[in-house]
Amino acid sequence: MLRLYMIFVFVLGNAALAYANTAEWKQGGLLLTTFLLNLICIAIGFYGATRTKKLNLDTIIWVFVYMFFFLAPVVQLNYGPVFPNTMPIRAEDVWMANIVVCLWNFTFLLFRSKRQQDRQSGGDVPSGAPSNGLERIHDRIRTAYFLLAFVIFAFTVALFKLDYFMGLADYSRVVSNKSAVLLFSISCQGIVFANWIFTFDRRRRNKTAYNTFKLYIATIVMVHQLSPFNTTRFYIGFCLILIVYLFYYMKLKPSHFIWIIFTGLLFVFPFLNMFRYGISGYETPSLYHLMFDQLTELHFDAFANLAATMKYCAMHGYSYGYQMLGVLLFFVPREIWSGKPISSGEAIGDFVSGQYTLNFNNLSNPLPSEFFTNFGWTGVVIGAVLLALFVNKLEAGVSKNRYTHGLIAGYLFILLRGDLMNAFAYCFGTYVVMVLVPYGCSRLLNGKRNESKERRLSHDRRIEVRS
């Protein structure tokens, strides 16, 4: 009953905000209706996410939809004549984008809720043993990651002193190729954070002085390499979500986790953004400006870029999968594939910069917009179905490998915000460094150990037969 009451208050408050910010528009009734349709979908999504006692990916998905596709555009309507991407705000663009979001939300709920009912009738996912999947990682691999992380730390300090920690230097000083810098940065970040995860896990299982000392070293390395001065807010968010999903999933309810995400988006992220370029020129803002100014900036441009994408497709047509092919083959160099498409964020950024006053093309582009770019309205339905099925599969297998589940949960926000080519490259690279390599090497080492053990047993049996 309390959950329903909180949902009712949530809907009532946000409906009042939407009414207040759309009342003065010529097509205010249509704007309000489309916003309310999305608000109803969001409320249903939050209700489903909090109905279970276990952490689930729906919490992240619906917080994203609410913040980026409802709250931000509603606030932007009453802030000024243009979106954060400098595109003029027109009622027709807003309600058309709302219909796309509504179609996405409704389709996701339809396929996601059906899967939840199937699970409830056929047995839920096991609530899980203490196992989180990390016990399968061999001790030699953990040691190798610890040494690699320390070497990366020592190499970085030797090159840049404290400039790297303060965000005043990066690896582009020593490597000119942008792709090589990106690959090296993803690998270094993944190794350093994976090492901290492995070391923290070992310390939780065996609280010896040696493991405690290693955790101190791993923490110092991680804080230096992943400081708020040199690391994006979303990567720090990824780290925090992974830690929660991996180690504290038994202690947190979904409703509590939703409040944690809201706190991160409204307080922690804007606070960290003030240190994005170091501490020079730092000023203490008011709480109101800290929370709400960001909603009118490019940090929350997902809805605006969706509206811009619809204009872009009306002018240039759909890519019919060609753009998505560039996402899947992101690793192919342009020297080999001369016709490789640019990311959708860059394409929309170039379009908006050419049409309006924006002098910046490194824009985000949310997941519904990616599928709209490729296949139009049909693509929106396909994308929502694929996301729902993907989440269903992850939730069904969460007890088998919580480490992988937590990593994807951490990157889900980044994937939803886009653009997909850059987000997928980061996610896949991190997955390789943090999951595939340690698991694959551990399997090889465990296989050799089992093979050696079988040879010894076979040798002992032959000796027994001879005797």
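Each Cβ is built from the backbone N, Cα and C atoms, and glycine gets one as well.
According to TrEMBL:
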TRANSMEM  30-48  transmembrane segment
TRANSMEM  60-79  transmembrane segment
TRANSMEM  94-111  transmembrane segment
TRANSMEM  143-160  transmembrane segment
TRANSMEM  180-198  transmembrane segment
TRANSMEM  210-227  transmembrane segment
TRANSMEM  233-250  transmembrane segment
TRANSMEM  257-279  transmembrane segment
TRANSMEM  371-390  transmembrane segment
TRANSMEM  402-417  transmembrane segment
TRANSMEM  423-445  transmembrane segment
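Contact counts against the transmembrane segment (180-198), taken as Cβ pairs under 8 Å, peak for 423-445 among the stretches 30-48, 94-111, 143-160, 402-417, 423-445. Touching of the transmembrane segment (402-417) and the transmembrane segment (30-48) is ruled out by the presence of fewer than three CB pairs under 8 A, sequence neighbours closer than 6 excluded. Counted over residue pairs 6 or more apart, the CB atoms of the transmembrane segment (143-160) and the transmembrane segment (210-227) come under 8 Å in at least three pairs, which marks the two as touching. Below 8 angstroms of C-beta separation, residues 136-138, 140-141, 144-145, 182-183, 186-187, 189-191, 193-194, 197-198, 327, 330-331, 403-404, 407-408, 411, 414-415, 417 of the same chain, each at least six residues beyond the ends of the transmembrane segment (423-445), sit close to that stretch. Each of 210-227, 233-250, 371-390 was scored by its Cβ pairs under 8 Å to the transmembrane segment (94-111), and the highest score goes to 371-390.
Same-chain residues lying 6+ beyond the ends of the transmembrane segment (371-390) with a Cβ under 8 Å from its Cβ atoms: 61, 100, 103-105, 107-108, 110-112, 115, 306, 309-310, 312-313, 318-324, 344, 347, 365.
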